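Peer 1: Let me begin by handing over the structure; questions about it come next.
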Amino acid sequence: MARQKKMGQNVLRAVFFLVLGLLGHSHGGFPNTISIGGLFMRNTVQEHSAFRFAVQLYNTNQNTTEKPFHLNYHVDHLDSSNSFSVTNAFCSQFSRGVYAIFGFYDQMSMNTLTSFCGALHTSFVTPSFPTDADVQFVIQMRPALKGAILSLLGHYKWEKFVYLYDTERGFSILQAIMEAAVQNNWQVTARSVGNIKDVQEFRRIIEEMDRRQEKRYLIDCEVERINTILEQVVILGKHSRGYHYMLANLGFTDILLERVMHGGANITGFQIVNNENPMVQQFIQRWVRLDEREFPEAKNAPLKYTSALTHDAILVIAEAFRYLRRQRVDVSRRGSAGDCLANPAVPWSQGIDIERALKMVQVQGMTGNIQFDTYGRRTNYTIDVYEMKVSGSRKAGYWNEYERFVPFSDQQISNDSASSENRTIVVTTILESPYVMYKKNHEQLEGNERYEGYCVDLAYEIAKHVRIKYKLSIVGDGKYGARDPETKIWNGMVGELVYGRADIAVAPLTITLVREEVIDFSKPFMSLGISIMIKKPQKSKPGVFSFLDPLAYEIWMCIVFASIGVSVVLFLVSRFSPYEWHLEDNNEEPRDPQSPPDPPNEFGIFNSLWFSLGAFMQQGCDISPRSLSGRIVGGVWWFFTLIIISSYTANLAAFLTVERMVSPIESAEDLAKQTEIAYGTLDSGSTKEFFRRSKIAVYEKMWSYMKSAEPSVFTKTTADGVARVRKSKGKFAFLLESTMNEYIEQRKPCDTMKVGGNLDSKGYGVATPKGSALGNAVNLAVLKLNEQGLLDKLKNKWWYDKGECGTGGCGSKDKTSALSLSNVAGVFYILVGGLGLAMMVALIEFCYKSRAESKRMKLTKNTQNFKPAPATNTQNYATYREGYNVYGTESVKI
């Protein structure tokens, strides 16, 4: 009896627990476990990890105030390009009896999935791009960007830009932009980049747009494609100041912007995940501690915004079923879930209740406030607007449906001109004599007082005119500014301006096209050109016959022939002119018949040569022409010798008192033709860029040599180049700006010199960042200083007044000095030679005369022994005398 009573109590207890279990299983028909589906594509690895982790977080952090239910999931992977794979994946989920499906779609799979959901009343929660179509049972976690984009386009006043869009994301934004373009007269160039596989095609598009002078781009793509486009932007160097890129993507911090930010371009984007949100911070703290093997792309990869949307989707699903549980809605699925391919389709009866509950959810997630309209689209959300600066990304404002775009107060970046009086302007410069130098006692000084030089004075004058406070900052890498061909990053002073580390550059910075593209220049404050510096050659030793140098050897030969010609003409004129003949004087006493008669004409051939030589030497002669014709010859010869001797005397003083240096090269052509003397330029400067870009044959040949020379002919600094010139013993030439060349030529040890003319013509300018309001004020200040003549005064002060080589010192190739024996040695040689020749001729004359006199004495003795009869025929004697005069063999009296 007792046993039967005990058995009855056990049965009642079993029935009680059975009823209790049934009540527990169905709180108003609500199950303990909610099964949800997951559809993932290939490139959603991190999103899959976030999906599983979010479910795990919910199951381990349930609200104890309500009867808990667990979330369970079934995951399928689909190939969006295969419609059978998409259908099979969805039907697999539906056959498992899932209450809702989370998943991704693209342009190819969207219609298939949404059609199944609408036909079978199965809710599909997705973080994929939103659609404008009014589809049922699709809950879109991703907010629409159309309104935010149009607001920013109006805020930045874009009237001409390029729109690069992904066709997989739909055409809704394209349509909205084109409608706005018609209303606002915008010039929009739209290009679809969704189907581009070759990265070279992106490059060609950017190059084409750049030829059209396009500087503004709106890029509407997923993160991966945006990264690819920006990579080509960096390669082409289109990420410098003046370019503006607006990224129509909700994951601004997911995009790789490290390389782009160094270019100076303005980059604007949108961010749906607020990293300052405590929920986000708490999630990330747990996220980074996950096991990478169980949750791929969790620990070592930053959290994507699509992963945050995935987490929020689980919150929405959980909140919807909590609501259904509170409302005691029966959502239990009993029996078979049915066939998704049945014809006609058999929808799930509780699907409408679940869809309605999902759309009624309002919860705070990692992406902010989450609400939906009647079509399952996000509403009442806020999107942060970010801007990328050289210092990093910053939040510039926010956008919502009611206030539109709201910029933060500090986003109104100070116009340099408006705030310049209240802040200290950073003036970047470079240590380069005589532009900027340390003072001798600079260690005892502070601030700008430590420096001196041309640019130091120029910066002071500009600041005085513009009325700004400034501090000088020496560029860290010691370079003027060039863009790296691989990274496209600017270095030197140009980089300081491009990346916002300086406000003005006052330095010997050459105005070039590539620099003008990224920074602004004032009018040139100094004109110059590329010049050649060589080591000053040794002074040439004067030759023995250097006194002949004032006249070319051709002139000396002409003078010799002219003298001979004049002598011959004078001889002939004297022969034919009757006024050059002497008349016989009958009153004279008869001479010795043995002595030769006096010649009646003094200008024989030897006397004519003597006359021309005496006139040329400006010493005169004891005979002169008597006839008019002879005097004409003498007059023109005297005039000729006057001009020649005067010119010779004028040049002789310069040639004998000036020491000349023979330069091995005189021009760039000389450098290009030879191989003994190496030549190079400053590395990373405008001079090197000039040769690299030049199309002139001579300069192309020089560039080909310089870039292949071993060891390298490029120097890091100008001082290194000058030192190399001085140590090379004339075997290295340095190509640099003419102003620097002239300055170094005036500095000790005065052993360099500038040769040839300038290879080009350019100027130094004061540089400011692109678009800086300081640019106009600085430009006006430079023009005013030029008109006042202050720029010339500064150059004279630092180039010549402080020169160390004297007036004209090292800057002159010729140096006047006292004559040395070597200058006039040839004259002494000729004197000694002439004296020796005279003594030799005198000896010959003496010997000849002695021999002739001996013969005459013998003849006289013979004559005395034989006395012939006196001459009776005087007529014959006269005839003899006349013939002697005409054909006489002697022209000089003895």
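Yeah, the Cβs are placed from backbone N, Cα and C, and that goes for glycine too.
Fair warning: this is a prediction, and the values are worked out from it, not measured in the lab.
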Peer 1: Would Swiss-Prot have GLU602 on the same side of the membrane as GLN864?
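Peer 2: Same side, per Swiss-Prot.
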Peer 1: If Swiss-Prot is the reference, give me the range from 315-330, 603-618 marked as intramembrane segment.
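Peer 2: My reading of Swiss-Prot: the intramembrane segment range is 603-618.
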Peer 1: Swiss-Prot has PRO508, THR510, ARG515, SER686, THR687 down as binding L-glutamate; which of GLU452, GLU737, GLU742 does it also list for that site?
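Peer 2: The record-listed residue among the candidates is GLU737.
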Peer 1: Return the single candidate from CYS621, CYS750 listed in Swiss-Prot as disulfide-linked to CYS805.
Peer 2: CYS750
Peer 1: Please give the average pLDDT for the topological domain 'Extracellular' (29-552) in this predicted model.
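Peer 2: Average per-residue pLDDT within the topological domain 'Extracellular' (29-552): 86.
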